[in-house]
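Taken from TrEMBL, the feature [2Fe-2S] cluster binding site covers B:Cys81, B:Cys86, B:Cys122, B:Cys126.
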Amino acid sequence: MSERVLLKNMRSDCGPVGFDEYRQLGGYEALERAVRTMTPDEVINMVTESGLRGRGGAGFPAGRKWGFVRKDAPHPRYIQSNTDEMEPGTFKDRVLVNTDPHLVIEGITMAAYAVQADVAVFFIRPSYNDDAELIERELSAAREAGMLGKNILGSDFSFDIEVHRSAGRYICGESSAQANAIMGKRPNPDKTGHMTSSGLWGMPTVVNNVETLAHVPHIIRNGVEWFKGLAATPTGDGTKLYCVSGEVVDPGCYELPMGTRLGDIIFEHAGGMLPGAEFKTCIPGGASTSFVTQAQLATPMDFDSMKAAGLSLGTGSIVVFDKNTCLVQATINILTYFARESCGWCTPCRDGIPYMLSLLQDIEAGDGTEADVKRLETVAAGMAHAYCGFAPGAASTVKGLLRSFRDEVREHLDGRGCPFGDMEKPKPGDWKVLDRDAS
Amino acid sequence: MLLPEELETEIQTMVREAEHVEEKLIDIIYLLQNHFGCFSDVALGHASRLTGKTTVELEELCTFYDFIYRRPVGRFVIHVCDGVACWMHHENSLFQYLCDKLGVGVGEVTEDGLFTVLPTACLGNCHNAPAMLINGKHYGRLTPKKVDEIIDELRENADNIIQCLCR
Ligand code: SF4
Ligand code: FES
């Protein structure tokens, strides 16, 4: 078993670790060390040297992002910490917040110290209402103990965290859209400026995913070399929370060395395929990444290795498909999601996704032609011209389908429709009793 | 229609104490939505009056989001996940099962005023697919039997269950 870092305090009853328990387990020592003995620059340097990259999907080096906040930048400065995961397959932040809320709070506070922020806004999606309540409770405990608020731990660093409940839309996970959401505006992305110079209320703002932030206290406590040593690959960084769902025996959230091979995560850690199911493909990093082939299962799941294999790590959330699942139907499901969640700001996305969806529906119904497949390819390629990363994300499943499972798409053409229609197995839309439910 | 004094004061205090009132709009909308059962035009009027925002500004905002309901919904909104992991475990029939069982279509309210079924984006419970969320509570690994039990229990205890803010 490899070392657990983010989930190391996980209790046997899976309940959240409270303030006192967290303290006893060494919690807030990193914050103490930072505010008492380190300059903000030293914290930034350490995090930069550790190679920690953002876990929200983009993989941008966290330390470098913090370094963008100029020393003479005005106050108040903000941290936007993001627990808005809404991408199908992704649930790591929910697990993390529910396991060790103070680790997340300490991580946010460390980032705030590094960029000398004044306020953090903890952005939580509405379906995580319980988590929002939990964080609010634990924030009070941290405040009472002097870990938040005025003059933290007796230093001259003052900082506090507010919880912002979202009202639910996937695009709110995009940093500038999230800033608009917090500012009570319609949350369309806004690429006219840089968040680090002009984010929330026009002030310097650093946006980080909570999984990223939770690494920071550990890096400060245990050092850069230790952190680098956790990864399975030379360019990996630390550990990673991999979510596994779909047709596997033990779906769940696994903390493993960054760069653990995709196949190992599915077949060793998540227990392999359910009895009777046979692996066909998976989407390796949430619904905005593309289908992989069997041959790609050996790819290490870190940012660089995935990129080199023409894939993307995304949020590291793996959804596993069985051989009897129609991938045209799966793509229709995924595009329905993206069509619904599009913010509607730009034409390629607003019109392009529903168009791809209708082409796929024609193909699924047996009304598609080879020309439709070509058209699908053209529209998917056009998504690169959309305003933000949402539309290219939506297109990546379509691209993966056409690249790696073109034969399966072709089987649908020529008036025959879905070849999976006659399978004895229940089709999507039917109840299926899963073997793991029997226990 | 006046607001109960307690709610009026609560919102006034939120507005007064906020550094930027805009940051509180969603919370205020939630409070009014829970009071009126949905974010009706009357609720919207109150939000505008109390925050100083125009109705257009508020309308622009609240029509964007999944958890703000401009039309009446049941006391319990059943958010059924239609994300890909749940779909694979046949959530479509979970959706259909619920609508049939409750005798409603998408977004309609059951006769007793208790339930509305809505499709929703991934709930972050994919490892327990198929999943749904009711009144802030996650339910997973659903089967028809489990769904029946959940609905019965909500029906029985409807009066005693406290409404959560983001329902
Ligand atoms: S790509 Fe989609 S989500 Fe992004 S700005 Fe355009 S319409 Fe909005
Ligand atoms: S796909 Fe249903 S909860 Fe994530």
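Placed from the backbone N, Cα and C atoms, the Cβ positions cover glycine too.
Curation plays no part in TrEMBL annotations; they are all automatic predictions.
A map of TrEMBL features onto the structure.
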residue: B:Cys81; record: [2Fe-2S] cluster binding site; Cβ neighbours (10 Å): 31
residue: B:Cys86; record: [2Fe-2S] cluster binding site; Cβ neighbours (10 Å): 30
residue: B:Cys122; record: [2Fe-2S] cluster binding site; Cβ neighbours (10 Å): 29
residue: B:Cys126; record: [2Fe-2S] cluster binding site; Cβ neighbours (10 Å): 32
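Under the DSSP three-state reduction, B:Cys86 ([2Fe-2S] cluster binding site) is assigned to helix.
Secondary structure from DSSP puts B:Cys122 ([2Fe-2S] cluster binding site) in coil.
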